[in-house]
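Novice: The structure under discussion is supplied below as structure tokens; questions concerning it will follow.
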Amino acid sequence: MRTENVVVQNALLLFVEVESLIQNNKLDNEFEEFQSLIISAGLIIKEKVIFKQKNPIVNTFVTKGKLEKIKTIINSKDIELVIINHELSASQTRNLELFLNVRVIDKTELILDIFASRASSHIGKLQVELAQLRHLSTRLIRGWTHLERQKGGIGLRGPGETQLETDRRLIGKRIKRLNLRLSKSHKQKEINRYSRKKSRNKLVALVGYTNAGKTTLFNKLTESSQMAEDKLFATLDSVTRKNKNPAHGPILFSDTVGFISDLPTQLIESFKGTLDELQSADMLLHVVDISDDDHKAKFKEVNTILNDLDLMRIPQIVINNKSDLLSTSKINALKVAKNDQVFISAENEQGFEELRSRINDELFDGIFEGWVLMDNNLGNVRSTLFDMGCVEEEKTSSCGKMLANIKIGNEELLQFINMKGFELCHDEDILL
Ligand SMILES: Nc1nc2c(ncn2[C@@H]2O[C@H](COP(=O)(O)OP(=O)(O)OP(=O)(O)O)[C@@H](O)[C@H]2O)c(=O)[nH]1
Ligand SMILES: [Mg+2]
């Protein structure tokens, strides 16, 4: 599955608003999002054709009259590729390609192609290949000989033409092998997850619509430098890192792939393993781009996907990001309306204090910071506290007992608080 010889191609953007297919949750800026997807795939939009249609046409999706017009544009503008904002059936694609004599890519294929160009980890690459092959196996009836063969263009990233011509049986075999390799890789991850459980780290996953600012926030929270870009699907492989800020309890943050409306089912299926990692999260930070006019619809879309993945049972804090792009009065009004949500700017680190305390409250029921006094027979408690990474400083009290300055979640502190010989230390004198 490779992306090396990527050829930039002149594309015709075909945006058809089909009245019978409009959903309740429609984005206002659907066109802009589709355009961003094409640009994110590294294509040049040479021409845009936008129109409305009542129903999809069975054979070609688009009406004959429109197709004639599109064909004229293709011939006069040196168009190599048509990209349509819908999912097409295999035969619709084939008929369109036969008529227009250029390659036709539907929205599913476009998203699969972007994923193919972004995958960098072993698991990520396997998952994308699996999704592409699954998609391909539904299209094997498609006659590929009717088009001139180009290597490396969009839609051809991944399995090359020769593979496209191999039969269903071979693809089936490859899918089986990939599934096997993936389940092995996921098993290894499960072992890592188990060792995390044994230590006391909490796992907090950042989820949200693509381009909401998850990676930017992740970088600030973990002092990392993952690639954050104004591109759709900048992040594909999930990354987990430990929190660096002392104001937090022991937390691992996980940055994940962004969601989009109409995420191809093959992708969801293939990424189930990675998304399964989210199942063990203790909390989700749902990052929203509050400056986006479509933020409400996108918020709903993300929650629908989370629900499908059975992730709505995990506590979620809604984080309205990019609040630096809105006026203070607008933000203040929004804060009143959404008073259980957090407002931040990941870029400028505004609102981080509130964010941190919300996370600590949710995860640890708040944090205790202070001195505890332990009888000398509580050596095992002392070493547990050290293992947990809670001890900031240690002393011996004037009466010869152990004193430790600890930082610990209130919930975790409960297990020690009732032990004989363990007490919170309020007496300043002891500390002198
Ligand atoms: N003005 C402003 N821009 C931001 C803020 N946070 C992120 N951005 C920008 O938004 C764009 C997307 O940010 P990312 O962090 O890559 O978004 P993401 O959610 O990880 O996106 P995907 O990985 O594609 O799902 C980048 O250009 C960021 O610089 C913010 O608080 N304010
Ligand atoms: Mg990202």
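Keep in mind that glycine also has a Cβ here, set from the backbone N, Cα and C atoms.
As listed in TrEMBL for this protein:
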| type | residues | note |
| --- | --- | --- |
| BINDING | 208-215, 233-237, 255-258, 321-324 | GTP binding site |
| BINDING | Thr215, Thr235 | Mg(2+) binding site |
| DOMAIN | 202-367 | domain 'Hflx-type G' |
Novice: Do me a favour and check the Cα-Cα span between Asp237 (GTP binding site) and Thr215 (Mg(2+) binding site); whole Å is fine.
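Specialist: Per the Cα atoms, Asp237 (GTP binding site) and Thr215 (Mg(2+) binding site) stand 11 Å apart.
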Novice: Who sits close to Thr235 (Mg(2+) binding site): which same-chain residues at least 6 apart have their Cβ under 8 Å from its Cβ?
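Specialist: Result: Arg118, Lys214, Thr215, Gln226, Met227, Asp255, Thr256, Val257, Gly258.
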Novice: Write out the long-range same-chain contacts of Lys322 (GTP binding site), meaning residues 6 or more apart in sequence whose Cβ is under 8 Å from its Cβ.
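Specialist: For Lys322 (GTP binding site), the qualifying residues are Gly213, Asp289, Ile290, Ser291, Asp292, Ser345, Ala346, Glu347.
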Novice: Find, among the binding-site residues listed as Ala234, Val257, the one whose Cβ has the highest number of other Cβ atoms within 10 Å in the structure shown.
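Specialist: Comparing the binding-site residues Ala234, Val257, the most crowded Cβ belongs to Val257.
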Novice: Should we count any of the binding-site residues Thr215, Thr235, Val257 as near ligand 2, judged by a CB under 6 A from one of its atoms, and which?
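Specialist: Among the binding-site residues listed, those whose Cβ sits under 6 Å from ligand 2 are Thr215, Thr235.
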Novice: Return the residues near Gly208 (GTP binding site) by Cβ distance under 8 Å, restricted to its own chain and a separation of at least 6 in sequence.
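Specialist: Those within reach of Gly208 (GTP binding site), by Cβ under 8 Å and sequence separation of 6 or more, are Lys214, Gly258, Phe259, His286, Val287, Val288, Val302.
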Novice: Only counting partners 6 or more residues apart, tell me which same-chain residues put their Cβ under 8 Å from the Cβ of Asn211 (GTP binding site).
Specialist: Ser36, Asp230, Lys231, Leu232, Ala234, Gly258, Asp289
